[in-house]
């Protein structure tokens, strides 16, 4: 009975399966399922080929660099920097990507390899910072670092036979002459490192004495040039005044550009009483004038036919006197020769005396003298060389 029921159930399942397949084929669902299954099988086969031929995630350049000693040292410094500041997330990426999960050196081994000595229990910062500091110190002052290493050995500095330090000593800030450095290296070997405290104390005094002597020589030469310039200018002024007494040449000289001091009392011509004659101590570097026409003292008297010629000469002399009076070429009793070299006029006011007036007076007295054609030429030259008398022959107040 059980066998018959099992056979009935099997027949029913077969009929149900056939009916289901026929229904799915008629609706197209079965064909679509078969196509999707075939596509999934092909995709699975393609993905399997890609996974097998896929290149591993390895950086060849980094791998070659880490195989060297310096490369592992750099990677260890970076890892120590991240560990010092507890950058755990960055370390989680750094180690897998560089394939350095194991094999990097610790802080103590790194400090020993780099020659960094740390006191126990004192950690100032990452080792990478100490490496950068040492590089900066070497760039700034290699000489000072070498001196510190020499002093750390505990050996006292040796001295040369002359007691002078070698070229490795600290340079002095006081300027020295070029020849001093050459004298300093005499009798020393190039490889010796010698210093001397006595030399460092004596060198500033020697350089100071040399600078003082140089400055004194410079000032002496400067004073000599000034004295020669002043003497040459005085000689040129005398020559120009003796050769060219007229006012046209005098006006071009900057010596007469100083303002003329106004006197309290002035004197002028008898024919032109309103015209003032200014005084100027411009002839202070010339000899004193004692007489206006001393050169005509013993000249022979003029003849009557030549009196007309003398009057013509008188007019010319008046014109010359007017030019001289307009320039104010007067002298006083006391002359200060130092005033010629001062830019500011510190000249004291002195009594004025017109040279042109004295020319007219002396000429009127000597009109009847002898032939003065040659004497009158000497007259213009004597005006700048001779000195006026202390007492004037004629004075007239100006209204």
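Any Cβ shown, glycine's included, is placed from N, Cα and C.
Among the candidates 177, 337, the residue that Swiss-Prot annotates as phosphotyrosine is 337. Of all ranges given (328-354, 355-381), Swiss-Prot attaches the label region 'Disordered' to 328-354.
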